[in-house]
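As written in TrEMBL, here are the features:
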BINDING   Lys81, Lys105, Ser399  substrate binding site
ACT_SITE  Lys117  active site, proton donor
SITE      Asp157  site 'Important for catalysis'
BINDING   Thr202, Asn260  NAD(+) binding site
Amino acid sequence: MSVQETQDLIEKIMERLYEDKEFITEETGEARKRFFQSGTEILTTTDKIIKSYIRVSRDNREIERIPAYRIQHNNIAGFYKGGIRFSEVVNEEEVENLAILMTLKNALHELPYGGAKGGVAIHPNHYSNRELNLIAKKYVQRFAPDIGPTHDIPAPDMGTNEQIMDWMIGEFKTINPGENYLGAFTGKSVVNGGAKGRREATGRGVYQSYKWLLHNWAKNTSKDAVAEGLHRKQWETLRSLLAKNEQGEAIDVAVQGFGNVGGVAAEMAYKSTDLKHRITAVSDHQVTLRGKEGLDIEALLHYQEKHGELPSTEQKLENAGVKAELLDRDAIITEEVDVLILVAVEDQIVDENKEKVSAKVFVEGANAPISTKADRYLHDQGRVVIPDVLANAGGVMVSYIEWKQDRVTYLYTEDEVLEDMLNHMSRSCEKVFDSYFKEGLSGIRNTCYVHALKKLFTLLYRHGKLF
Ligand SMILES: NC(=O)c1ccc[n+]([C@@H]2O[C@H](COP(=O)([O-])OP(=O)(O)OC[C@H]3O[C@@H](n4cnc5c(N)ncnc54)[C@H](O)[C@@H]3O)[C@@H](O)[C@H]2O)c1
C-alpha cells in the first residue's frame with residue numbers, strides 16, 4: 001500500500017463519518033463540513049519528516065553514507081510511537097506510510113500513542129556487529145532532539161532487535177544525562193528494562209487475531225446473526241475451515257517470512273490445540289519450503305535460530321533434518337492452502353497476482369502486504385483478510401507495558417505481559433469483528449479505519465484543533 005492509497009482510504013472513511021449524523025451530533029451544516037474537512041487535512045498530512053545520512057567507517061576502512069529516517073505522522077492520541085527498520089529497501093515513502101499506519105493502529109487499539117516510524121537503508125546481515133553498533137549510535141545522535149520518553153518512542157522492527165535497542169538507549173542516555181532515559185525506547189533486553197515476552201508478542205498477537213475470529217467468533221455465531229450479503233459468504237468461508245477440523249482434517253497454513261514474527265506465528269499455529277493445523281509451506285528472503293504432509297516447524301525454528309535463515313539447499317535441509325521441496329521465494333503466495341499468514345514485507349499480493357492466490361483467509365502480520373485493490377478483490381470473493389492494523393499490534397501493546405514499567409521501575413512477569421496482550425487483542429477483535437459482521441461495514445480494514453478515525457477525529461475536535 002502506498003502513502004496515497006492509505007490517504008485515499010482515510011479520506012473515504014472521513015466522508016463516511018461526515019455522513020453519519022450520529023457521530024459528533026453537536027455539529028451540523030457548514031460548521032460540520034468545515035470541521036470534517038479540517039480533520040481530514042490533518043490526518044492525511046504528516047507532522048514531520050526527518051531525513052539524514054549516517055556516515056559509517058566500514059571494517060575495510062571505507063566510508064559509507066547511509067540514508068536514515070524518522071517520520072512522525074500524528075500525535076493527537078499521545079506520544080509518537082513506532083519501530084525503526086533496518087532494510088536495504090527503506091525509503092521515505094515506505095517509512096511515511098508505516099508512520100500513518102502506526103497512528104491508525106494505536107488509535108484502533110486504544111493505546112495512548114500517536115504514530116511514527118524510522119528506517120535505515122541497510123541490509124543488517126551485510127554489516128559486522130561493530131558496524132551495526134556504530135550505525136545504531138549514529139542514528140540516535142542524528143535524531144536525538146526528536147526522540148524521548150514523552151515525545152517519540154522507537155522500538156524494533158524488521159532487521160532490528162533488542163541488541164540494537166540496547167545500543168540506542170545507551171547512546172540516548174549519554175546524550176541526555178539526568179533524563180528518564182529508559183522509556184525512550186521499547187523492545188529492549190529484559191535486563192535493560194525490557195518487557196518479558198516482547199519478542200514473541202507480535203507473532204502471538206497475529207495468531208491470536210486469527211484464532212479469535214475462527215475459534216471464538218465463527219464457532220459461536222450463527223449465520224442469522226451476520227448481516228446479509230457478502231458477510232454471510234465470509235461467515236461460510238470461516239465455517240468451511242472449522243468443518244475441516246470437525247471432520248478430522250487439518251487446516252492447511254502457509255507462512256511467508258520466518259523471522260521474529262513469522263517464526264512465532266508459525267509455531268503458535270503448529271502447536272495449537274484449539275484448532276488443528278498443518279503448516280505446508282514457509283518462506284524467507286531466499287526460499288519457499290513446501291511439505292504437503294506438514295513441515296517440521298520445531299526443526300526449522302531450531303535451524304533458523306542457529307543460522308538466521310531457512311535451509312535453502314538440499315544439503316542444508318538434510319542438516320536441518322527437514323523433508324521439504326525447495327521452491328522459489330515467491331512461490332508461497334500461490335500455494336494451495338486455507339490460510340496464508342503474511343509476515344515478510346509490503347506489497348506481496350497486488351493487482352498483478354491477486355487472481356493467482358488460493359488461500360481463503362489472509363492474516364497480515366507484516367505491514368501492508370496486500371494492496372487496496374487486491375484486498376477489495378479478495379473481499380468481494382467472500383475471502384477474509386485480517387488487516388495489519390488489527391493483527392500485528394501485539395508488539396506495540398507490549399511496548400506500552402514496557403514503557404509503563406520503565407516509568408515506575410516495576411518488572412511485570414512474562415505471564416502478566418502475555419495475558420494482558422492477549423486480552424487486549426481479544427477486546428480489539430471483538431470490537432472490530434462485531435461491527436464488521438453485524439453492522440455490515442464494507443471490509444475489515446475499513447472497519448478498523450472507522451474505529452481508529454472516530455477516535456482520532458473526536459480527539460482533534462475535543463482538543464479544539466478543527467476550524
Ligand atoms: N517485530 C515486530 O514487533 C513487528 C511489529 C509489527 C509489524 N511487524 C512487521 O512484521 C514483518 C516482519 O517483521 P520481523 O520483526 O519478523 O522481521 P525479521 O527481520 O525478524 O523477519 C523478516 C522475515 O521476512 C523474510 N523476508 C524478507 N524479505 C522477504 C521476501 N521478499 N519474501 C519472503 N520473505 C522475506 C526474512 O528472511 C525474515 O525471515 C515486517 O513487515 C514488520 O514491519 C513487526
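Cβ from N, Cα, C; glycine included.
Neighbours of Asn260 (NAD(+) binding site) among the recorded positions Lys81, Lys117, Asp157, Ser399, defined as a Cα within 10 Å of its Cα, are Asp157. Cβ contacts within 10 Å of Asp157 (site 'Important for catalysis'), excluding its own Cβ and spanning all protein chains shown: 24.
Under DSSP, Asp157 (site 'Important for catalysis') is assigned to coil, being neither helix nor strand in the three-state scheme.
Annotation note: Lys81 (substrate binding site) sits in a strand segment as assigned by DSSP. Cα-Cα distances to Asp157 (site 'Important for catalysis') place Lys117 within 10 Å, out of the recorded positions Lys81, Lys105, Lys117, Ser399. Take the Cα of the residue listed as 'active site, proton donor' and measure to each of the binding-site residues Lys81, Lys105, Thr202, Ser399: the nearest one is Lys81. With a CB cut-off of under 6 A applied against ligand 1, the binding-site residues Lys105, Thr202, Ser399 are reduced to Thr202. Comparing CA positions across the binding-site residues Lys81, Lys105, Ser399, the one lying closest to Thr202 (NAD(+) binding site) turns out to be Ser399. Less than 8 angstroms from the CB of Lys105 (substrate binding site) sit Gly115, Asp388, Val389, Asn392, Ala393, Val396, Ala452, each of them six or more residues away in the same chain. In the three-state DSSP scheme, the residue listed as 'active site, proton donor' is classed as strand. Excluding Lys81, Lys105, Ser399 themselves, the residues of that chain whose CB lies within 8 A of the CB mean position for the substrate site are, in sequence, Gly82, Met102, Asn106, Leu111, Tyr113, Gly115, Ala155, Ala393, Gly395, Val396, Met397, Tyr400. Residues Lys81, Lys105, Ser399 are listed as the substrate binders, and the farthest two of them sit 13 Å apart at their Cα atoms.
In sequence order, Met102, Asn106, Leu111, Tyr113, Gly114, Gly115, Ala116, Asp152, Ile153, Pro154, Ala155, Val396, Ser399 are the residues near Lys81 (substrate binding site), counting only same-chain partners six or more apart with C-beta under 8 A.
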